[in-house]
Amino acid sequence: MENIRTRLKFGNKPQDVKLRKRKSQLYSKEDESPNHGELRSRVVGFAVVFRLINCFLVQTSFVPDEYWQSLEVSHRMVFNYGYVTWEWKEGIRGFTYPLLFAFIYKILYFIDYDSVHLLIWLPRIIQALFAAFADVRFFFLIRTLESRDVAKWTFFCHMCSWFSWYCCTRTLTNSMETTITCLALSYFPLPGSKTHNSKMYLTLVALAVVVRPTALIVWFPLVMYHFWLEDNKLRLITQSLIPIGALAVVISTVIDCIFYEKWTVVQFNFLKFNVLHSVADFYGSHPWHWYITQGFAVVIGPHLPLFLHGCSIAFKKYKVLLAAVVWTITVYSLLPHKEFRFIYPVLPFCMIFCGISLVNLKAWRRTAAVALLVSNLAAALYTGLIHQRGPLDVMSHLQTRCNVSGPSSPPLPDVLFLMPCHSTPYYSHVHCPMKMRFLECPPDLGEKGYVDEADRFYRDPLRWLRTSFPYKSSIPTMLVLFDVLEKEISFFLKGNKFVRTAEIFHTHFPEGRVGGSIFIYERH
């Protein structure tokens, strides 16, 4: 009885009870992990080193926009010479993204370190560091959502994706959009997330939309999902959605008005030209099923079987992410103009399903991981070092002419690019005011019977050359062209004493007007 009375006394100081540590991940995900700070340092170090290596091992061109919608604009903003495409004359592109690189260029200019190599590589290094930061946030997001094993293998899938390797360090708005999307996802209210912050993720979404308005397509279903989950919907609208959205529009509009030197609302102009007037169709169209039958399979690459398997396992838990992937592909499928890079922002969503799939393969896990790594590595190295490297090598060749100085040195060449428009970078990659011209191809903005200069040239190259340069004194001193054009203009080349001085490899897969090599002809 005394023992019972003693146990029932509430005033006694309770003794500490030692509980047996559980090994199960159900009870603790941290027990098996090393010190959190040490883990973070290791992940950050790995991501930074990996993306810097990634940056320097991508030496090819992908699409014209990685130069013409970023570096070329930044170069003109700072150095007051260069060329801007029709989009900047019509006000459908925002200055927020090029302003980042213009700021870097301005610093280099002030400290007298504006060498062409720094102008080319420093923006890409900055892009690589942003990508590394997003990689780290992505890893720790999965650590809060899933077990240590799933986080590890999801991170592995994410880092070995060939398309991420190919794109994430390029100065493309799509690359920055994907990086910001990855960061925003780490603050989004996913099931089980411990890092949810509405204001933070909405601010990042607003920034992504400012950089590239089509980011709204990816985030629309996710924001609607958050709205549906939120108990106090009115507070979400009045204290987060409206203030953050309005502030983003105001700040971006102020920036654009300053640099356009007139009242310009880029988001409205972007919608007007690309949706209402279908200007994007001018640059090519694909059948509605292109993303389903080709585009998505290429972007996700060898991860596709793992993605499908992961969807069957984790469909219920991550249905909102799967819905965002399906929604994005569906919306882009309805638009005639299609490109691989447009659906790049949903790739991180897919990697979560791939990681879950790998963990559930158990006995076949390491075999599948090795196969995944080898296949992605082959694609990444080929596309990053070999495929479509010609334009960058051509500009490096031309840039050497800028380094020749002295009283007896030859004058700067007068260069004409007889190639599909925007095939190469421009002044951002030579950084000297040599005279250059290319075949322009602005879209039809309402002119009856309009044919752009590039199409007029390719219809009858010799006739275009004769009418464009009626006098020998007006003929450029250097021509840059794809090998497939050489035979058609051979009469002009011989008649005006042009001699081939360089042959530069471009691709193993020539197509149409784009050849396998680029020829440089000089007039003697």
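Quick reminder: no glycine exception, Cβ is built from N, Cα and C everywhere.
Feature annotation from TrEMBL assigns region 'Disordered' to 16-36.
Marked as transmembrane segment by TrEMBL: 95-111 (among others).
Look at TrEMBL and you will find 118-140 (among others) tagged as transmembrane segment.
Feature annotation from TrEMBL assigns transmembrane segment to 200-229 (among others). Long-range contacts of the transmembrane segment (200-229) within its own chain (CB-CB distance under 8 A, at least 6 residues past either end) are made by residues 94, 96-97, 173-174, 176-177, 180-181, 183-189, 236, 240-241, 244-245, 247-248, 251-252, 266-267, 270-271, 320, 323-324, 327-328, 331-332, 342, 345-346.
What TrEMBL records for 241-261 (among others) is transmembrane segment. Proximity of distant same-chain residues to the transmembrane segment (241-261), defined by a Cβ-Cβ separation under 8 Å and at least 6 residues beyond the stretch ends, is recorded for 77, 91, 94-96, 99, 199, 202-203, 206-207, 209-210, 223, 267.
Sequence annotations record features per position, and here TrEMBL assigns transmembrane segment to 320-336 (among others).
Tertiary neighbourhood of the transmembrane segment (342-361): same-chain residues 138, 142, 146-147, 149-151, 153-158, 161, 163-164, 167, 174-175, 177-178, 181-182, 185, 214-215, 218, 291, 295-296, 299-300, 303, 306-307, 309-311, 313-314, 318, 321-322, 324-325, 328-329, 332, 368-369, 372, selected by CB-CB distance under 8 Å and a gap of 6+ residues from either end. Marked as transmembrane segment by TrEMBL: 342-361 (among others).
Taken from TrEMBL, the feature transmembrane segment covers 368-386 (among others).
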